[in-house]
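Worksheet: one structure, shown below.
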Amino acid sequence: MAYPFQLGLQDATSPIMEELLHFHDHTLMIVFLISSLVLYIISLMLTTKLTHTSTMDAQEVETVWTILPAIILISIALPSLRILYMMDEINNPSLTVKTMGHQWYWSYEYTDYEDLNFDSYMIPTQELKPGELRLLEVDNRVVLPMEMTIRMLVSSEDVLHSWAVPSLGLKTDAIPGRLNQTTLMATRPGLYYGQCSEICGSNHSFMPIVLEMVPLPYFEAWSTLMM
């Protein structure tokens, strides 16, 4: 989860989020180098009155500043496209969970089980226990097995919502009448917090998401208890 005054992104807990962090650093370094070069050229132009006559109308220079930006854009686009394809690829999921957005709560259905479904509401501030997080705790957490490929089917019953868990690199729009899908796999156990990331009405800020990633034996015991 995020902390006050945090400068970077949340710690990656899925292969997709690790790729996104690498891409962020890669792109940020390119932007830093370009910005430094531009500032250096501007400072030279402001501090000297000399004119380089050989570059006033040079075909070679024009060729360079046409080809070089194209190479830079390609170096940014290729890793981005690779990650986009990885995010859309779903191979043999071990579990499928359907989540529906409502004003203003989430409902979940484990489609591989006959009768395993529940609603997930935010716990009001006055009912929080010591150590629990304001506006982020829910009455029913989504318990999932770690280190397994899980397919999430996301839709909405009323208006536009967005199901997002930043530390897992997830953000999928919940659109009425349309079923979107995404995949997740956590590399370590723990609680992962998210929120609705699409303004959906007056209580938009009160639609938290809590995923509890556990080892497979614990998940099997939980699913048996819930049914």
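Cβ coordinates come from backbone N, Cα and C, glycine included.
According to Swiss-Prot, the features are:
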TOPO_DOM  1-14  topological domain 'Mitochondrial intermembrane'
TRANSMEM  15-45  transmembrane segment
TOPO_DOM  46-59  topological domain 'Mitochondrial matrix'
TRANSMEM  60-87  transmembrane segment
TOPO_DOM  88-227  topological domain 'Mitochondrial intermembrane'
BINDING   H161, C196, C200, M207  Cu cation A1 binding site
BINDING   C196, E198, C200, H204  Cu cation A2 binding site
BINDING   E198  Mg(2+) binding site
MOD_RES   Y218  phosphotyrosine
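In this structure the alpha carbons, written CA, of the residue listed as 'phosphotyrosine' and M207 (Cu cation A1 binding site) are 26 Å apart. In the three-state DSSP classification, H204 (Cu cation A2 binding site) falls within a helix. Put simply, E198 (Cu cation A2 binding site) is 5 Å from H161 (Cu cation A1 binding site) when counted between their Cα atoms. Here the CA atom of C196 (Cu cation A1 binding site) lies 7 Å from the CA atom of H204 (Cu cation A2 binding site).
In the shown protein chains, 21 other C-beta atoms lie within 10 A of the C-beta of C200 (Cu cation A1 binding site). In this structure, the CA atom of M207 (Cu cation A1 binding site) is 10 Å away from the CA atom of E198 (Cu cation A2 binding site).
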